[in-house]
Amino acid sequence: MWIGIWISIFQQLNGINIIFYYSTTLWQSVGFSESDSLLSSVITSAIFVVVTLVAIAVVDKIGRKPLLIAGGVGMAAMLAVMGLCFAAAVEAGGAVTLPGSYGPIALVAANLFVVAFGVSWGPVTWVMLGEIFPNSYRGPALAVAVAVQWIANFVVTVTFPPFAALSLPLSYCFYSACALLSALFVLRFVRETKGRELEEMDDIAD
């Protein structure tokens with residue numbers, strides 16, 4: 001059960017919700033107009049939908065573990081890039097902006113982060129949670145894992161604003177470290193469920 005719980009926690013600690021919940025505010029804080037910020041958020045959401053459909057199409061061909069590991073590494077890299085970009089932010093006239101090419105780079109990195117999440121931890125987490133638990137306690141275990149996921153979602157959502165106020169670059173670097181840790185966790189502790197029957201999960205859990 002603990003493997004599934006940690007998969008749920010890592011899905012939230014990867015920082016996806018700070019991109020979706022606060023994307024408009026974040027882009028406005030670095031110089032985007034309100035309309036451009038909203039447009040960027042819509043584009044990001046559309047990209048997420050498309051890549052999620054791609055992940056659903058290929059998850060049985062590639063496997064769960066490779067997608068989770070690659071996604072974790074990709075998200076870690078993009079969050080680190082965003083951290084570096086926001087570290088270069090300057091304040092002028094009470095407004096915080098990203099100078100030179102840092103703004104476009106941060107925008108591209110944010111969307112590539114969404115791509116990495118959308119083809120891995122977004123949909124594949126739910127596939128794993130539906131497969132990883134033994135039949136003997138699949139229902140209760142899945143309920144606990146989902147509950148923990150919502151708790152983690154809440155914690156990330158309410159802690160990000162004060163964390164970002166303290167240091168936005170460090171916030172992104174923290175979630176980058178969590179994303180990398182999620183990939184290492186899957187590499188070390190999670191077993192591949194591709195091609196296995198649900199009845200075989202009792203053996204995997206042993």
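Counting begins at 1 with the first residue displayed.
Including glycine, each Cβ sits where the backbone N, Cα and C put it.
Going by TrEMBL, these are the annotated features:
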{"type": "DOMAIN", "residues": "1-194", "note": "domain 'Major facilitator superfamily (MFS) profile'"}
{"type": "TRANSMEM", "residues": "39-59", "note": "transmembrane segment"}
{"type": "TRANSMEM", "residues": "66-90", "note": "transmembrane segment"}
{"type": "TRANSMEM", "residues": "102-129", "note": "transmembrane segment"}
{"type": "TRANSMEM", "residues": "141-163", "note": "transmembrane segment"}
{"type": "TRANSMEM", "residues": "169-190", "note": "transmembrane segment"}
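Within the same chain, residues 1, 4-5, 7-9, 11-13, 15, 17-18, 21-22, 129-130, 133, 170-171, 174 sit at least 6 positions outside the transmembrane segment (141-163) and bring their C-beta atoms closer than 8 Å to a C-beta of that stretch. Here the transmembrane segment (39-59) does not lie next to the transmembrane segment (169-190) in space: the count of CB pairs under 8 Å, restricted to residues six or more apart, is fewer than 3.
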